[in-house]
Amino acid sequence: MPKKKKALTPLPYLASIVFLPWWISLSFNKSLEPWVTHWWNTRQSETFLNDIQENNVLERFIELEELFLLDEMIKLDEMIKDYPETQIQKFRIGIHKETIQLIKMHNEDHIHIILHFSANIICFAIFSGYSILGNEELVILNSWVQEFLYNLSDTIKAFSILLLTDLCIGFHSPFGWELMIGSVYKDFGFAHNDQIISGLVSTFPVILDTILKYWIFHYLNGVSPSLVVIYHSMNE
């Protein structure tokens, strides 16, 4: 009985690894959002602004200006002459309200960046703590995975490796990498930059492909040569 209980110990450990970071991130965002909002609005901090984000804000203001003024530019003189002062005042108030709304949206973006970045740091600290304190559970989980892989046939193993490699470094993988890197890039508070994301998308698959080839050559050739033969046959 104690042996069976010990064998089942990694199950709650695995469940906590999966669900605890999500729960902490959600609770953290809900509990600290009012405080962060107050802190950001009162201090009007510019610590988290970078050049790319400033350019994005300027672009939004330019778009707002074009939205309100471009269509009216030709009729501006007639509007001033023919429109009463109250209509012109309403027009200015409308621009002022839209500008305030844009500033609020800009502040909300930065508040969410701070919350997500802080939650990511906390999740990373939790994972690190679990890795250090849960040595025994990790050993048992590792033995489970190794036993599961050992019981698979070489054909299934080769098919799984081929499927994973096609998903990660195959012909259609750049689109998935672009979505994933863009999501992580945004989640950590960096402004969207097509050049940087394109560079990462073109670099990561190449690095993974090199690591995979080294792993197949250095490790699988010694452990299971038949698996390597089946993999190359499927790949061809």
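Including glycine, each Cβ sits where the backbone N, Cα and C put it.
The transmembrane segment feature in Swiss-Prot is assigned to 8-28 (among others); the stated evidence is sequence analysis. Sequence-distant contacts of the transmembrane segment (8-28) (same chain, six or more residues past either end, CB-CB distance under 8 Å): 115, 118-120, 122-123, 126-127, 130, 134, 136-138, 140-141, 144.
According to Swiss-Prot, the feature transmembrane segment maps to 113-133 (among others), an assignment based on sequence analysis.
The feature transmembrane segment is assigned by Swiss-Prot to 161-181 (among others), with sequence analysis given as support.
Under the heading transmembrane segment, Swiss-Prot lists 196-216 (among others), citing sequence analysis as support.
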Per the Cβ filter (under 8 Å) with a sequence gap of at least 6 from its ends, the transmembrane segment (196-216) is approached by 165, 168-169, 173-174, 177-178, 181-182, 185, 228, 231
